[in-house]
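Only one structure is covered here, and it is reproduced in the block below.
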Amino acid sequence: MNMDSPFILVNLKTYQEGMGHNAHRIAAAAEIVAKESGAVIGIAPAFTELHPMSHHYAIPVYAQHIDAITPGAHTGHILPEAVRSAGARGTLINHSERRLTLADIDACVQAARRLHLESVVCTNNDATSAAAAALRPDYVAIEPPELIGSGVSVSKADPGIIERSVNAVRAVNPDVNVLTGAGIQSGECVKIAVDLGTCGVLLASSVVKADDPEAVLRDLVSLL
Ligand SMILES: O=C(CO)COP(=O)(O)O
């Protein structure tokens, strides 16, 4: 990843709007806007969409979760090797909607490192951001849970948590990049986040539920 380029990571979650045909629509929009803006725009689709997305679009694709298991007798788990061979660049770990124990987060980060998958560890406050940074992931993504899906932007409602998380992560491990998310919806939100020391944003609803995801993505990168 070129760290001079801002990073916009769109989590499609399990929104109906992020499935099937619409996942293609969002990925195609991300590819167009990334190309014209120079921003890196990735998507984290449903597991079943990882391969089609990574196969059809020149954008980085991320899993929404992995389980820290190795190949063998496990049922209903997400094998990191499977995510890798489906073409994922990396994976979210410990999203607020898919929380893990600290030991599991550590094991997932190690599995990702072993397989050369980028690890994006989600956190809910500056203390957990510091703890996550100690595990040496590629990214810590601070998302206050109460603002997720709220339509109220963390950049505007709680810039302090971004600033404190950036400082906490830098103090523990300056090689770890910081993303932020929750309610991000405009270029202004992204600019505030980047000005506070993040390398970009993790977001979902404003793009996934948009009638015109390309227009929203274009707005998101417009002030960078
Ligand atoms: O949880 C998020 C991204 O992973 C944020 O979701 P919203 O952008 O919908 O608030």
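The backbone N, Cα and C atoms fix where each Cβ goes, glycine too.
No curator has checked TrEMBL annotations; they are predicted automatically.
Per TrEMBL, the substrate site holds Asn11, Leu12, Lys13, Gly183, Ala204, Ser205; the candidate it also names there, chosen from Ile41, Ile142, Ile148, is Ile148. Least packed by the Cβ count within 10 Å, out of the recorded positions Lys13, His95, is Lys13. Here the binding residues for substrate are Asn11, Leu12, Lys13, Ile148, Gly183, Ala204, Ser205. Their largest Cα to Cα distance works out to 14 Å. By the criterion of other Cβ atoms within 10 Å of the residue's own Cβ, the least surrounded of the binding-site residues Asn11, Ala204, Ser205 is Ser205.
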